[in-house]
Each structure stands twice: as structure tokens, then as C-alpha cells.
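For 1-21, the entry in Swiss-Prot reads signal peptide. Feature annotation from Swiss-Prot assigns topological domain 'Periplasmic' to 22-433; the stated evidence is a curator's inference. As annotated by Swiss-Prot, S-diacylglycerol cysteine applies to Cys22. According to Swiss-Prot, the feature N-palmitoyl cysteine maps to Cys22, an assignment based on experimental evidence. Residues or ranges marked as substrate binding site in Swiss-Prot (evidence: similarity to another entry): Thr202, Gln236, Arg356, Trp358. Under the heading active site, proton donor, Swiss-Prot lists Asp259. Summarising the annotation, Swiss-Prot assigns active site, nucleophile to Asp292 and lists sequence analysis as the type of evidence.
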Amino acid sequence: MSLTHYSGLAAAVSMSLILTACGGQTPNSARFQPVFPGTVSRPVLSAQEAGRFTPQHYFAHGGEYAKPVADGWTPTPIDTSRVTAAYVVGPRAGVAGATHTSIQQAVNAALRQHPGQTRVYIKLLPGTYTGTVYVPEGAPPLTLFGAGDRPEQVVVSLALDSMMSPADYRARVNPHGQYQPADPAWYMYNACATKAGATINTTCSAVMWSQSNDFQLKNLTVVNALLDTVDSGTHQAVALRTDGDRVQLENVRLLSRQDTFFVNTSDRQNSYVTDHYSRAYIKDSYIEGDVDYVFGRATAVFDRVRFHTVSSRGSKEAYVFAPDSIPSVKYGFLVINSQLTGDNGYRGAQKAKLGRAWDQGAKQTGYLPGKTANGQLVIRDSTIDSSYDLANPWGAAATTDRPFKGNISPQRDLDDIHFNRLWEYNTQVLLHE
């Protein structure tokens with residue numbers, strides 16, 4: 001689909017209508033706050049409705065959807081100040097305590113030597129580390145943390161494209177035999193290296209990929225270096241993919257263009273699954289991209305995160321979020337105390353979208369109410385700059401192109417399968433800057 005481009009008059013009329021519906025402020029205001037119930041194109045929660053959309057509710061249950069476990073996960077800050085890491089990665093072995101020069105080597109060693117459930121810490125000295133990092137299912141709780149003063153000082157980087165062939169993937173990811181059959185993450189690499197299709201697809205395009213529970217990242221940057229080296233077409237290029245439960249990111253930067261952060265639920269065979277919870281907490285971080293750059297099926301809370309939409313690749317469309325939550329699951333993505341911004345190509349243009357549902361797996365059937373994924377997302381207590389479409393901030397669904405339809409009925413069911421589940425509450429929208 002393509003974005004709608006209004007003439008100056010039409011844009012003014014649309015803005016006037018949405019402002020009237022959302023609080024009566026005039027277009028000359030510096031900002032406005034959408035208010036309940038909003039419009040069909042921009043639905044807004046009431047204070048009572050918003051009461052259930054908190055981290056406590058999102059993280060209340062783990063385990064299987066059919067048999068949820070009320071474990072009430074409460075993430076605590078990732079404290080590495082007193083950690084003496086047994087594994088230290090640096091540009092030169094033996095310098096500044098570096099035990100390894102490759103993050104994957106350190107991960108492999110940690111998994112072989114610590115098969116239990118005691119948390120293992122891997123310290124990354126300042127530098128740029130070129131290559132993938134794969135953490136397999138069943139790994140012990142693992143924390144990778146940068147030792148620099150800022151996350152920009154520790155960078156994990158590689159250029160991977162969903163459209164590349166398995167042969168090109170093998171040459172890019174494993175040119176010197178970094179992955180071997182006896183390695184813990186060999187099966188992850190091999191599943192992508194031996195794909196039968198012409199391309200590796202999105203599922204194999206991640207620079208860093210963890211299938212394990214209790215995985216943590218702190219104070220580092222992960223970048224898929226494909227960035228603007230490709231055209232504005234379809235080039236999924238995941239920086240970070242997580243599939244496990246109780247994942248935490250703190251003071252992390254994720255950089256790419258299309259599909260930057262894949263916060264997902266899958267099985268060991270790299271297949272999408274619809275039977276269990278995968279929870280993630282992302283705090284004090286920065287995520288950059290252009291199309292669907294935060295997407296997936298996990299239950300994820302983003303707290304004090306800046307989402308920055310960029311125009312440098314020349315994409316005709318821009319979407320921040322693309323959740324594909326199971327329709328029977330009440331909680332998908334929650335964005336709180338955060339900022340949604342754009343670069344100079346978008347700021348003031350009001351043409352990027354906050355997001356769209358991802359009707360994953362429904363290309364042939366179209367959206368089937370109650371069967372197809374129906375992405376769930378709430379943006380609350382956050383600021384949205386002038387990069388984003390004022391009257392129509394949500395796009396038609398990915399995969400099916402299902403038109404966005406918000407529920408503004410006085411007696412609405414927030415999980416009605418005949419409507420989208422993309423909401424706002426207490427957002428501040430900047431009209432110009």
C-alpha cells in the first residue's frame with residue numbers, strides 16, 4: 001500500500017476534524033492530546049480502559065496460552081557494576097583482560113562451561129565486532145553488556161538481507177568456519193545455511209538472535225549494516241531477534257531500516273508458533289528504522305524508548321510497529337513514557353505511520369476473524385512528533401492489506417476480533433516544531 005498524500009486544503013480540513021474529535025484544540029496549537037473515544041481512524045482509550053494496560057498486566061502470565069502460569073514477572077534493573085565477568089571480549093586477546101576476540105566464541109565457551117541456570121555475564125570491551133551472535137534455546141541465563149561509557153562504544157554489526165541467497169548467507173556469516181557442527185548454536189546457523197528457497201527470508205536476517213529465556217543486553221549497539229546500501233524495496237534486515245521469555249534490554253541501540261527489532265515467539269526449528277508466551281522488557285533504549293521496524297508476536301513493554309523513523313533509504317511507506325498478536329491473547333505491545341520521532345525527511349510532513357497490524361500467515365485466506373493474528377498495541381503517556389500522520393496514524397494491515405478500523409462504540413470490547421487493537425492513551429502529539 002502507499003501513503004495518502006493530501007493537498008494543503010484537504011490536510012487542513014482533516015486536521016480540523018481530528019482536533020475537534022480529540023479535544024477541540026485548533027491547528028495553531030503547538031500540540032494536542034487525543035481524547036476518548038477518538039475516531040475510527042484514531043481510537044483513544046478512556047482512563048478506565050487504560051487501567052488494564054500496564055507492565056504488571058502484560059507480564060502477569062507466562063507458559064502456554066492454554067495453561068498460563070501466573071508467575072508475575074517483575075523485571076529489575078540490569079546491574080553489572082559489581083560483576084566480575086569470566087568472559088571478556090575485546091579487539092585483542094589478553095589486552096584489558098580480553099579472553100576472546102569474538103562474541104560468538106565467548107558465548108560458545110560460556111554455554112559449554114555453564115550448563116546450569118546460574119546467570120553468566122559476558123563483558124564486551126569498546127570496539128566494533130563484525131559478525132552474527134546466536135544464542136540457542138536452553139542456554140543458561142545470559143547477560144551481554146558493553147564496558148564503554150555509552151552504548152555507541154560497543155557495536156555488533158553485519159549486513160544481512162532477507163533477499164540474499166543461502167549461498168551468500170553462508171559466505172557472509174561463516175566465511176572462516178566460525179560455526180561448526182559441535183557448536184551449541186550450530187543448528188541455528190545450519191537451518192538458515194541449508195534453506196531450500198532462493199532467499200533466506202526475514203527469519204534468517206538477524207545479526208543477533210537469541211532463542212533462550214532470561215536473555216539480557218545492556219549498554220551496546222546492534223546494527224544491521226545493510227542500511228541504505230539497498231533500494232527502497234523489500235529488504236528485511238533484522239538487527240536483533242529474540243524468541244525467548246523474560247528478555248531484557250537496557251540502554252541498547254538497535255539500528256536498521258526494515259524490520260529492525262523482531263521480538264518474537266518461535267520454536268527450535270525456527271518456525272512461528274502460537275502456543276506460548278514470550279515476554280520482553282525494553283528500557284531506556286533507542287530503535288531506528290523505516291518499515292515495520294518493531295514487529296513480532298511477543299508480549300513486549302517499551303519503557304522510555306525512543307523510536308526514530310528515518311527517510312534515508314527513500315521508502316515510500318513508514319511504519320514503526322507491526323504486532324501479530326494471537327487474537328485470544330489480550331496483550332501484545334505496550335509503549336510507555338516514550339518518544340516517537342522522525343528525521344528531517346519526515347518531521348513536519350505528518351506522513352509516517354505509527355504502525356499497522358501484521359496479519360501474519362493470511363496472504364492466501366485474507367483476514368479471518370478469530371483465526372488470523374490481530375496485532376495488539378497501546379501507546380500511552382508518550383510523545384509523538386510531527387513526523388506522523390495526524391488523521392490516519394495507523395496503516396492497513398501487512399500481508400492482507402486489511403483496512404484499519406478502530407472501535408469507538410460506547411460499549412466497546414477492546415478485543416473485538418472485527419476491529420483493530422491499536423490504541424492510544426494520554427499521548428502528546430506535536431503539530432509543528
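Heads up, the Cβ atoms here are built off N, Cα and C, so glycines get one too.
Since this is a predicted model, take the numbers as computed values, not measurements.
Positions of the features from Swiss-Prot, shown on the structure.
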residue : record                    : Cβ within 10 Å
Thr202  : substrate binding site    : 20
Gln236  : substrate binding site    : 27
Asp259  : active site, proton donor : 27
Asp292  : active site, nucleophile  : 27
Arg356  : substrate binding site    : 30
Trp358  : substrate binding site    : 25
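Note: the CA-CA distance between Asp259 (active site, proton donor) and Trp358 (substrate binding site) rounds to 12 Å. Binding residues for substrate (Thr202, Gln236, Arg356, Trp358) extend across at most 18 Å, taking the greatest CA-CA distance.
Those same-chain residues not listed among Thr202, Gln236, Arg356, Trp358 yet with C-beta within 8 angstroms of the centroid of the substrate site C-beta atoms are Gln258, Asp259, Val291, Asp292, Phe295, Ala322, Gln360, Ala398, Thr399. Counting in whole angstrom, Asp292 (active site, nucleophile) lies 8 from Arg356 (substrate binding site) by their C-alpha atoms. When secondary structure is read from DSSP and collapsed to three states, Gln236 (substrate binding site) falls in the coil class.
On the 0 to 100 pLDDT scale, the model's mean across the topological domain 'Periplasmic' (22-433) is 96.
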